[in-house]
Amino acid sequence: MTSIKTPPTERPTPADSTPAAALHSGTSDLRALVLNNLRQSGIYVALVVIVALFAIMTDGVLLSPGNITNIVLQYSYILVLAIGMVILIIGGHIDLSVGSVVALTGAVSAVLVIQQDHPWWVGVLAALAVGIVVGAWHGFWVAYAGIPAFIVTLAGMLLFRGLTLRVLDNISLSPFPSEYQQVAAGFLNGLLGGQGYDAFTLLIGAIAVAGYAVSGFRTRVARIRYQQPVESFPLFVARVVLVGAVLMYFAWQLAHARGLPIVLIILAVLVLVYGLLTRRTVFGRQVYAIGGNLSAAALSGVKVRTVNFWMFVNMGFLAAVAGVIYSSRSNGAQPAAGNMFELDAIAAAFIGGAAVTGGVGTVVGAMVGGLIMAVMSNGMQLMGVDQSTQSVVKGLVLLVAVAFDVYNKRRAGTAR
Amino acid sequence: MDDTILEMRRITKTFPGVTALEDVTLAVRRGEIHAICGENGAGKSTLMKVLSGVHPSGSYDGEILFDGKPMQFRGIRDSEANGIVIIHQELALVPYLSIAENIFLGTERRNRLGLIDWNLANAEAAKLLASVGLHENPVTPVIQLGVGKQQLVEIAKALSKKVRLLILDEPTAALNDIDSAHLLDLLRALRDQGITCIMISHKLNEITAIADSTTVIRDGRTVETLDMKSDEVSQQRIIRGMVGRDLDSFYPDRESSPGEEVLRIEDWTVRHPVQDRMVVEDVSVSVRAGEVVGIAGLMGAGRTELAMSVFGRSYGRDIRGRLFVRGREVQARTVAEAIDNGIAYVTEDRKRYGLNLIDDVRRNVSAAALDRLARLGWVNGNEEIKVAETSRREMNIRTPSVMAVVGKLSGGNQQKVVLSKWLFTDPDVLILDEPTRGIDVGAKYEIYTIINRLVAAGKAVIVISSELPELLGMCDRIYTLSAGRITGEMPVAEATQESLMELMTKDKELVA
């Protein structure tokens, strides 16, 4: 997230160990860098192209302040699901039940808050608890009973949809009290004033950019100190400026609409936490090890069952978070809520570079994959494209993305 | 006899960024066994892929003459139509199909209605099996056969294709000595029937025993072709060609001074995970600090099963027996506990059980002891790089960077990564299961040197190997294992290949 991996074919750059070296060492071979990072950067390029394409075709409506806010509100729960999903896929599993779990957790929350008049936070906590229990249920069957995740969660998909109908007694519940609605529809704004725009949103945007730059620079300094290859300094600056510009543009647009959506804060925190969890913790690394080679991981002392179990518990938790956001956004609970969400989440993970065979994928990649799907859906809706065409286009994009991935791997594989 | 069946002229094959073959020339005489030697990565397998059409005509430069006619193979089918059949190192049989079905896969025997004529297929398969000396029913599923017999099925399959030039890639790599000897006899018999054979092998003793000529390849170039009959070529001579220098000896010298006992296994008994039979029975083994102990046994004797059951009960069930580390009885019920107790096990199959091939060197090195790099569950990525760089330097892992993907390294370098991983757990005792399988002579020597360094640092080492010279060259003491039981123990000074082989086959003869 904070640094582009330099191509493995590069020789380590000889460098002295002072941070000042960070200013002038590193490779400038842009072509090698681009080629070798095609797999990672491919999806970023795809996102940019798709955004540009739809921005032109919608006469700029796509990038209008109101619509950008809309995209965030409309697809946040898919992105939350995609975080848990990509972790499972990296570990070599899958979860087909998340749509049903979104419905069930929303239903439980609605029954408590709407029917039984409990405060809003009781509904949220109960939903999260239900999600965790569901995750533990799946985790038990996959990790300890040894049933493939595909089967367990296919059963879960039916099971929890049925329980949703039972909980709701086959009717929709609505509306939630306004505090509950704030989760998905609320904004932080006006805290610092501003003329026609929200200064607070811009400040948060600026902090995010600064954080990105500082952590990127620190990683770079550390890498040089440990004599690892890094990109050249101008390239590093270019990357930070580019990302910073995109972030600030995004914040600027939000600031001119309704301010900072609360759900975006939730999402940003989750992406940050899970990004670090997958890359920097023992647990995260064990997930990759299990997905990459199960036997080797087991023979390296990884507690495979425990890790598998917690992966599913985590998915249940995130499905509940998505369930709360979705019920808040739709201002109620419906028996058919969350239908097909699992497929969007799975598609996001795979478009974002996760491998069907496990062991490969990133949280950030899944987010970009989810955004590609979101921008396409939103853009086509703006253009008035009918549902059937939307489905065809999304299907083809998924296929092409994975085909590209497979092609890349095959090419890499023939080098030996 | 001196007419040439195959000539490959000035073959050059490049992959993106790598020249795998450069101006390679190979001439094979009709009816000979022609060995091809070279270190891993020298280009042997690539050359054979060019010959068999796996790399199609046009993807390389140079020409192939077969029977004097220029050939342009676009795929395996083209080369097989001309009687060139390749048997790969990893056998390509379908496990759940029968022997006959495997033999005629793709060339099914049909009757007039276009349906498969099973009677004809099974009858022909039976004939082919007889000609390779395999006494099995053609309807037996291949999965029920051992590796040695599967190899014979592959050869029978090749014969069914009217093979004229048979290419074998490391045919004996996975075979025990008896099966290997049987296979070599078969190759001689095939040669007498006029089938020309190209054999890629690392086992120089086999090459000197069976080959009529040997072509040595180094770094993608032909070094020389040796006439094995007229030149009286020694193994040392071939090695010189392969590595470009003389190795002083296969096995580096070592001062042996064993200290106190580090690991003792007492009355170890293991039941097969599914079948109702004992795989290991009443085995007692001990190893001291600074000592290399060998375990010699044929395939199926229970060597790997013994090691893996000791290593956190990774194999088998109903495991009984006692385990002592430095005189203290320990329970190693899980791999994590075994690692905590200072035991490390380096698997015989590094690709399946040892490495995460799609991940980089750095993360593979740290995989078994990630906790040592972490505080409160957070991995210190910079320290991890440092550890990996240290391993790369000390183990001489030849990789462009510790961020390079392990799957792209050569076998020898992969093995060094596995060793690095286990050394980072700081073990007291290392169990090395076939530590030099499938790696080239130069890398073998390096692995032996590493073992000696470990022993000098006071580690205890158990080596499991199918290669008796390796055990005799490396160990202080050798146990023999046969049918799950220890049948002998002797200091290396008293051991010979013959005496070991006798003990390794002892029980089996009694049973038979």
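Even glycines carry a Cβ here, placed using N, Cα and C.
Per TrEMBL, the feature region 'Disordered' maps to A:1-20.
Feature annotation from TrEMBL assigns transmembrane segment to A:41-62 (among others). Listed as Cβ neighbours of the transmembrane segment (A:41-62) (distance under 8 Å, sequence separation of 6 or more from its ends, same chain) are residues 4, 34, 351-353, 365, 368-369, 371-372, 375-376, 378-380, 382-383, 401, 404.
Annotation comment: TrEMBL describes A:68-89 (among others) as transmembrane segment.
Positions annotated as transmembrane segment by TrEMBL: A:96-114 (among others). Here the transmembrane segment (A:96-114) has long-range neighbours at 77, 81, 84-85, 120, 122-124, 126-128, 130-131, 134, 138, 150, 153-154, 156-161, 163-164, 167-168, 173-177, 180, 315-316, 319-320, 322-324, 326-327, 332-343, 345, meaning same-chain residues at least 6 beyond its ends whose C-beta is under 8 angstroms from one of its own.
For A:120-140 (among others), the entry in TrEMBL reads transmembrane segment.
Marked as transmembrane segment by TrEMBL: A:147-168 (among others).
What TrEMBL lists as transmembrane segment is A:199-221 (among others). With a threshold of 8 Å between CB atoms, the same-chain residues lying at least 6 positions outside the transmembrane segment (A:199-221) that come near it are 2-3, 19, 22, 188-193, 230, 236, 239-240, 243-244, 247-248, 250-252, 254-255, 259-260, 268.
According to TrEMBL, the transmembrane segment annotation covers A:233-252 (among others).
What TrEMBL lists as transmembrane segment is A:258-277 (among others).
According to TrEMBL, the transmembrane segment annotation covers A:307-326 (among others). Distant neighbours of the transmembrane segment (A:307-326): 76-78, 80-81, 83-85, 87-88, 91, 93, 95, 97-98, 101-106, 109, 123-124, 127-140, 142-144, 149, 183-184, 263, 266, 270, 283, 286-287, 290, 337-338, 341; these residues of the same chain sit at least 6 beyond its ends, with a Cβ under 8 Å from one of its Cβ atoms.
Sequence-distant neighbours of the transmembrane segment (A:346-375) (same chain, 6+ residues past either end, Cβ-Cβ under 8 Å): 1, 39-40, 42-44, 46-47, 50-51, 54, 62, 71, 74-75, 78-79, 82-83, 85-87, 89-94, 271, 274-275, 278-279, 288, 290-293, 394, 397-398, 401-402, 405, 409. Among the features that TrEMBL reports, transmembrane segment is placed at A:346-375 (among others).
Here the transmembrane segment (A:258-277) sits against the transmembrane segment (A:68-89); at least 3 CB pairs are under 8 Å, leaving out pairs fewer than 6 apart in sequence. Proximity of distant same-chain residues to the transmembrane segment (A:68-89), defined by a Cβ-Cβ separation under 8 Å and at least 6 residues beyond the stretch ends, is recorded for 95, 98, 102, 149, 184-185, 250, 253-254, 257-258, 261, 263-264, 266-267, 270-271, 274, 278, 287, 291, 311-312, 314-315, 317-319, 321-323, 325-326, 329, 341-342, 344-346, 348-350, 352, 354-356, 358, 361-363, 365-367, 369-371, 373-375, 377-378.
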